[in-house]
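Below: the structure, in structure tokens.
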Amino acid sequence: MELPLLPTTVIGSYPRPKWLREVIALRKAGRISEDDLKEAFNDAAVTVMRDHLIAGIDVPTDGEVKRDEMVEFFAERLKGFKFYGPVRVWGTAYYRKPSVVDKIEYVRPMLLDEVEFTKSISYTPNFKVTITGPYTMGYWSYNEYYKSRRDMVFDLAKAINSEIRSLVDAGAKIIQVDEPAIHSTKDEVPWAIEAVNESIKGINAKLMVHICYGDYKLVAPYLNDLKVDQINFALKIYDYKPLKLLKEVGFEKELGAGVIDVHNKRVESPEEVQKDLMTILRYFPPEKVWVNPDCGLKLQPRKIAFEKMVSMVNGTRLAREELKKGENRK
Amino acid sequence: MIKFRISIIGSYPRSPSLGKVFSRFRAGKVSKDILEKEVMRRESTFLSLVKDIGAHYSTDGLLRWDDLLDVTFSYLSGQEKGELMRFFDNNFYYRKPVIKDRLRARLEEYLSYLQGDIELAKQVGYTGTLKAVIVGPLTYSLLSDNQYYETVEELIMSYSAEVNSVLKNLPRGINAVEIHEPSIFAKGVKTSLLDRLKDAYQTLLSGVQVEKHLITYFYINSSRIDLLLSLPVDVYGFDIIENMNILGVLYRKVKERRVFLGVLDTRNTKIERVSTIRRVVEKAREKGASEVLIGNAAPMDFIPEAVVIKKLKLLKKIGGA
Ligand SMILES: [Zn+2]
């Protein structure tokens, strides 16, 4: 894989262009066809890919613009799930939390169209495909069917494994399993790690896991057991405090370092990113560090999301130069 | 067959359409009046449901508040809204109260809401007992960010004293108070805090004439049941649907007590079996509880409204006014 030192990437999601949201509303109102919507989704993917290109992201995604939500999307396409209605997460924010009412089974490819299209429009063969991991899928669903959450999660792992195989066959070289919930319940972390490993068993691709907000202490001792190349984390929002913890547990994977706070509209400056990266490099060698935002950029206005990517890329370039100067001085 | 009296606790799901009105109000697109009208319309639907299932006690559904801690903003000053925090182990988040100044009771807003509830209940013909809802002093202190008081103990006592003056002024027509204290069973609570709790509750409830229901949920830590039962309230509430494995211990301790048993799991869409519910609540009575009230085990925001309605209607088969 041809990539510069400190490769830059995104976590996955990116704000949908405003016009896409309007097209979706038109489709909901029955005023345009499914084909029109599909075309708009593809156009949106092109638009996002171009934002990533201009910003200079080394490993882009399609912004997950075709997916409404990270659990719902897969629950709608696997057998065994049912939706009763939206639930609130806070204030006036809602999501459709699915219920598992039957044995979970893989029926048909879920992301194949998306990946094939992304491949056709990507400016690099090194695009990334994200998929929600088995623990997070299970944790964010109601369990009406299985004796235990563990049983449910391992069936999910099987289904996800089938899906990832088909994505790799279609040409995906970099797969990221999203597990933002993996550290939600201390007692369950050990088998959650096993389940993630089950979901990527036998997969020949560059593999990474995304973990964000929460108490990393709960998952830190198990990170090296994940059979992946890289784990990326939200770090900026914690002012890089978890680096010490990662070092202490002897973290030996590649580190995807979150250097952009996705919950804050303030755009980090390139110098700030550079400085943060130099802090990170005090803990981990540059060959083992990738650069990314803390989490998906979806919640920001598109303009801000774009500016944050630009700063991240420019800050990384400054850091690369600084490293080079250091080399030359030696 | 014995009928168990029903008590509906905590919040009822705020539907997305009501959520939208809140968003529009907060964006300055609709007036306070329109929001109020909409809240009252939904609350009236909720109270009709509660009436239909024959609930002896109920809250107003807490539709106007974003989360449990948000309720405290209508009866206390001295705090600001902070960042979103996870509400126990749920995928549900609340705004952390940040205590910036001495806490002081504010009567007007809270009491006027309650007055509105009383009138609405009359209009829909709900004749059960309306409960005012407050956050328990321990839960409040553990879920907020104290930037004012020297110690948590001091905060707990100050909170209790201020809320006491609210409770002593409840309008006629509110005949019970529901105190949410889930943190009493939380892990890692300092013993020194637990030791002060009895004092705090004496202060909180001194001179308060209405019935006092102390509500806990999600967990039961059996080593703290005695502490809970030492607090000066009338009804002790437990989430039993999520704690079936320790009912033996629990039931031995509630002899001659009035208890509330949360029998509907509000964290799972799976519908309970009436026979199971009946079995466990009858057991509590057999073991000597002087009264067993039944209802939802926890706030109802965690499952879709359609499922909540289905679950609440189950109560009708086991309970009644
Ligand atoms: Zn994330």
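Placement of Cβ uses the backbone N, Cα and C atoms for every residue, glycine included.
Features reported for this protein in TrEMBL:
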DOMAIN    A:6-314  domain 'Cobalamin-independent methionine synthase MetE C-terminal/archaeal'
BINDING   A:H210, A:C212, A:C295  Zn(2+) binding site
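Sequence-distant contacts of A:C295 (Zn(2+) binding site), defined as residues of its own chain at least six apart whose C-beta falls under 8 angstroms from its C-beta, comprise A:I11, A:P180, A:H210, A:C212, A:Y213, A:A234, A:G258, A:V262.
Note on the binding-site residues A:H210, A:C212: the fewest other CB atoms within 10 A surround the CB of A:C212. Each residue in the domain 'Cobalamin-independent methionine synthase MetE C-terminal/archaeal' (A:6-314) has a pLDDT score, and their mean in this model is 97. In the three-state DSSP reading, A:H210 (Zn(2+) binding site) counts as strand. The record gives A:H210, A:C212, A:C295 for Zn(2+). Within 8 Å of the mean position of their Cβ atoms, the other Cβ atoms in that chain belong to A:I11, A:D178, A:P180, A:I211, A:Y213, A:N232, A:F233, A:A234, A:G258, A:D294, A:G296.
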